[in-house]
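A.B. asks: Pulled the feature table from Swiss-Prot, pasting it below:
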REPEAT    34-120  repeat 'Solcar 1'
REPEAT    132-217  repeat 'Solcar 2'
REPEAT    227-315  repeat 'Solcar 3'
TRANSMEM  36-56  transmembrane segment
TRANSMEM  92-112  transmembrane segment
TRANSMEM  138-158  transmembrane segment
TRANSMEM  189-209  transmembrane segment
TRANSMEM  233-253  transmembrane segment
TRANSMEM  296-316  transmembrane segment
Amino acid sequence: MENGIKESQVGLNKNGTHAILPSPVVSEGHKNHKSILNSLMSGALAGAVAKTAVAPLDRTKIIFQVSSNRFSAKEAYRLIYRTYLNEGFLSLWRGNSATMVRVIPYAAIQFCAHEQYKKLLGSYYGFQGSALTPIPRLLAGALAGTTATIITYPLDLVRARMAVTPKEMYSNIIHVFMRMSREEGLKSLYRGFTPTVLGVIPYAGISFFTYETLKKLHAEHSGRTQPYPFERLLFGACAGLFGQSASYPLDVVRRRMQTAGVTGHAYGSIIGTMQEIVAEEGVIRGLYKGLSMNWVKGPVAVGISFTTFDLTQILLKKLQRLSDIQR
C-alpha cells in the first residue's frame, strides 16, 4: 500500500472456493509520479536525438549569426566543407557535448513542464480530460519553454561560446565556465538572457500550439487517435517552421550578446544590439541572417523531437501497463 499500488489478493468465498480479489489499482499520486518520470525520460531522449541530427547545421548557423559576413547557402556549404578539410569530420559536431549537457535537461524539463502545465490549465479552465482551447494551449507551450530556459540558460551560453571559438581557446565545458567567470564575471553567464526568454515565449508557445493543434485536427478528420510516425514528423516540422520564423530576430540578438566577449563587440542591450546589427548589416541580412538554414534545420529538429517524445511516451506507458499487470 505504501508504494501506491494495491496488490491482487486471493480470498475464500462462502462455499470455500478460492476467489481473486480486484486487480492492482494504482493510486493517483503514484500515476502522476510515473507520468512525470516518463515525460522527463522521453523529453531527454527527444532533445538528444534531434540536436545531434542537426548539430553541423546548428554550428554553422551560429558562426554566421555572430559575424558580419553575409549568409548564403553557398557560403554555408563552403564553411562546412572547409571545417571538414581543416579540422576533420567530427569537428562538425564541435560543441555538441556542451549542447547535450544543455539540451538533455532543457528538453526533459520543457516536455515535462508542458505536460504538467496542460493538466494545470486544463483543471483551471475546466478542460480536464479533453483538449485545451487555443489560448491555454499556446500558454502551456510558452510557460514550458520559459521554465526550461530559466533553469538551463548558462549551458546554452557555454554551447554558443564553444561553437564559435577554436578548440585551443576552451578545452571543455568546465573550462568555459571557469574562464568566463574569472575574466568576465559571474554576470556574464546570463548575458543575453532577456532576449532569449523573449524569443522562447513565442517560439515554444507557437511550436507546441501548432503541433497540438495539428494532432487535434488530424484526430477529428481521420478518426484515428494516434497519428502515424511520418505524420508526427510532418506536424513537428510545421511547428518548428512557424515557431522559429516568429522568434528568429531575437535568436540572432541573443547569440551576438552571448559571444560578445570573443567577437570584440560590446553588445549591452537588446535594443542597442538590434540597432547596431541593422546599421551595419540591414534588417533582412542582419536580423534574419541564417533563417533559410533554419528553415531546413529547424523543422527537421523539431519534427524529430516531437516524434521521438511521443513514441517514447507511448512505449514507456505500454511497458508500465505490462509491469502493473505482471504484479
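One is the number of the first residue shown, and numbering goes on along the chain from there.
Cβ from N, Cα, C; glycine included.
For each feature listed, report its degree of burial, its nearest neighbours and the pertinent distances within the displayed model.
C.D. replies: In the repeat 'Solcar 1' (34-120), helix, strand and coil residues by DSSP number 76 helix, 0 strand, 11 coil.
Confidence annotation: the repeat 'Solcar 2' (132-217) carries a mean pLDDT of 87 in the model.
Within the chain carrying the transmembrane segment (92-112), a Cβ under 8 angstroms from the stretch's Cβ atoms is held by residues 36, 39-44, 46-48, 50-52, 55-56, 58-59, 80, 83-84, 144-145, 147-149, 151-152, 155-156, 158-159, 162-163, 167, 172-173, 176, 204, 305, 309, all 6 or more beyond its ends.
Within its own chain, the transmembrane segment (138-158) has Cβ neighbours under 8 Å at 98, 101-102, 105-107, 109-111, 113-114, 117-118, 121, 132, 173, 176-177, 180, 189-193, 196-197, 200-209, 212, 258, counting only residues six or more beyond its boundaries.
Beyond the ends of the transmembrane segment (296-316), by six or more residues, the same chain brings 38-39, 41-43, 45-47, 49-51, 53-54, 57-58, 61, 107, 111, 207, 211, 226, 229, 232-241, 243-244 to within a C-beta distance below 8 angstroms of the stretch.
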A.B. asks: I need to check the long-range neighbours of the transmembrane segment (233-253): which residues 6 or more away from its ends have a CB within less than 8 Å of a CB in the stretch?
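C.D. replies: Residues packing against the transmembrane segment (233-253) from afar: 65, 192, 195-196, 198-211, 214-215, 218, 227, 270, 273-274, 277, 286-291, 294-295, 298-307.
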A.B. asks: What residues elsewhere in the chain lie close to the transmembrane segment (36-56), defined as a C-beta under 8 angstroms and at least 6 residues from its ends?
C.D. replies: 80, 92-93, 95-96, 99-100, 103-112, 115-116, 297, 300-302, 304-306, 308-310, 312-313, 316-317, 320
